[in-house]
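**Student:** Mind looking over this structure? Questions follow.
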Amino acid sequence: MNGKKGNCCIEINIPSSATKAGKKSCGNGFSCKAWIWNVWEFCKEDSNRVLFSFKAGLAVLLVSLLILFEAPYEVFGTNIIWSILTVAIMFEYTVGATFNRGFNRALGSLLAGILAIIVAQFAIRAGRIAEPFIIGASIFLIGTLTSFIKQWPSFVPYEYGFRVILFTFCLIIVSGYRVGNPIKTSMDRLYSIAIGGFVAVFVNVLVFPIWAGEQLHRELVKGFNAVADSLEECVKKYLEDEESEHPEFTKNVMDDFPDEPAYKKCRTTLNSAAKLESLAGAAKWEPPHGRFRHFFYPWSEYVKVGAVLRYCAYEVMALHGVLHSEIQAPYNLRSTFQSEIREAANQAAKLVKSLGEDIRDMKRSQKNPLIKKVHSSTEKLQRAIDTHSYLLTSISETPDTFSKPSLPSKLSLSLSSTPYDFSSQLANLDSNNQEKDSNPTIQNIPLGTLPLPRTESYHETMRKQSRRLHSWPSREVDAFEEEGGSNTDLLPRMAALESTAALSLATFTSLLIEFVARVDHLVEVVDKLSKMAKFKHEVL
């Protein structure tokens with residue numbers, strides 16, 4: 001309802017009853033639309049999840065038909081229920097994991113059946129009185145041994161098999177004791193387990209198979225792209241002159257960077273170790289398939305490549321830490337090395353993406369030109385840091401050291417430190433030189449006491465450049481003025497803050513150079529993988 005009175009406007013929004021009914025139908029605090037959207041996003045992220053669910057339902061249905069139809073039920077009786085249990089336990093996401101689980105299931109059931117028959121026969125011959133004691137002691141012994149052995153490091157991959165031995169042995173020998181025919185009971189259950197295992201493998205392999213090897217291959221390539229994209233994203237944001245307010249430190253700790261999508265992917269790469277090892281372990285059980293057509297494919301090398309890639313990702317995360325740290329170098333100081341930093345980062349990212357493309361296409365290409373470009377750009381960055389190192393350390397040095405650089409060095413120092421008028425600075429330098437020549441007393445004055453306007457201009461720049469002070473602890477520049485004190489007391493404090501902020505740039509560049517050094521190791525392991533996996537040579 002809208003009402004107007006003069007220039008005033010009053011608007012009253014009354015929700016319709018249909019809207020209220022719609023909200024109530026989904027319950028308090030629960031949105032059906034949001035839930036459906038989350039399910040859709042979950043399925044869209046990996047369409048194989050839906051496919052796997054339908055395949056598992058089909059496998060369980062096929063085994064259940066043995067009970068629903070009378071003919072097979074009369075042959076196996078109630079023991080056919082073990083087929084359903086076997087399918088529910090064996091059916092895994094990938095073909096390799098299903099083979100692995102099936103091997104453990106089959107071997108464990110076979111060993112448990114043999115042990116149960118041996119113990120049952122021995123207990124029957126021992127007499128009716130000693131039989132329950134022997135069965136109880138055997139259950140205790142088998143439970144203790146299997147629980148201990150499955151904790152041994154070399155037997156951890158077969159932990160499920162020892163669990164199968166334990167519960168299958170107990171069920172067979174206890175039911176055989178009550179029924180009176182342990183051999184027939186164990187054989188019927190072994191047949192049922194074999195039927196369930198066959199159905200699980202049959203459906204998983206022949207109906208839209210999901211191969212662990214393909215999953216591992218894609219995950220590794222995805223990691224290469226994530227690290228390269230995150231590196232480019234980090235360097236681009238670091239070299240930008242951001243006038244907007246920086247995010248709060250608490251948000252940085254929570255890793256909440258909505259404007260950095262590649263950062264989240266790189267962080268996922270760091271947590272992919274367990275996933276890669278699991279996929280590699282499952283892929284070893286798979287037969288030759290698709291592009292992986294030879295036996296004994298080196299799946300373990302994928303894990304090694306992923307480990308080296310994570311070490312490169314650690315450096316990228318460290319660069320992100322410098323990007324979002326409280327101590328920041330001024331933009332005009334970062335712009336001094338802007339071209340060298342950008343070139344080194346782009347060449348390194350290009351090399352990492354090229355390695356990922358080689359693995360994706362399963363080819364071996366010449367990387368020497370790219371490696372030379374990466375090394376050349378990195379050396380150029382190192383030379384720039386070495387040549388202009390006084391920009392990072394001159395504030396903390398003694399005044400005598402300022403007289404060492406030549407006139408061009410002084411000019412670059414002035415350009416990279418403050419944005420104020422360069423022509424006035426030249427005039428000041430010329431006037432100072434003339435006064436020194438005309439007045440012999442001024443010649444004895446150290447040169448470090450001359451650039452007073454430089455520090456004052458930096459003071460103004462720090463106040464105008466951004467809303468937070470690029471120093472630690474985080475305090476506004478005006479706080480120094482409120483404390484009182486002379487201008488001579490303020491200058492050392494500002495000089496110390498400027499020197500500390502400049503060290504942030506040195507940290508960023510050193511981490512970037514370390515990333516390039518680790519990429520060299522990444523090239524080596526990828527080359528080793530390409531040789532062992534017999535990748536095709538790229539035709540030039």
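From the backbone N, Cα and C atoms, a Cβ is placed for every residue, glycine too.
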**Student:** To which of the residue ranges 160-179, 300-319 does TrEMBL assign the term transmembrane segment?
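**Tutor:** Checking TrEMBL against the ranges 160-179, 300-319, the transmembrane segment one is 160-179.
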**Student:** Do at least three C-beta pairs under 8 angstroms join the transmembrane segment (50-69) to the transmembrane segment (191-212), pairs 6 or more apart in sequence?
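**Tutor:** As far as Cβ distances go (cut-off 8 Å, pairs 6 or more apart), the transmembrane segment (50-69) and the transmembrane segment (191-212) touch.
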**Student:** Which listed range (75-95, 160-179, 191-212) shows the maximal number of Cβ pairs under 8 Å with respect to the transmembrane segment (107-124)?
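**Tutor:** So the stretch in question is 160-179.
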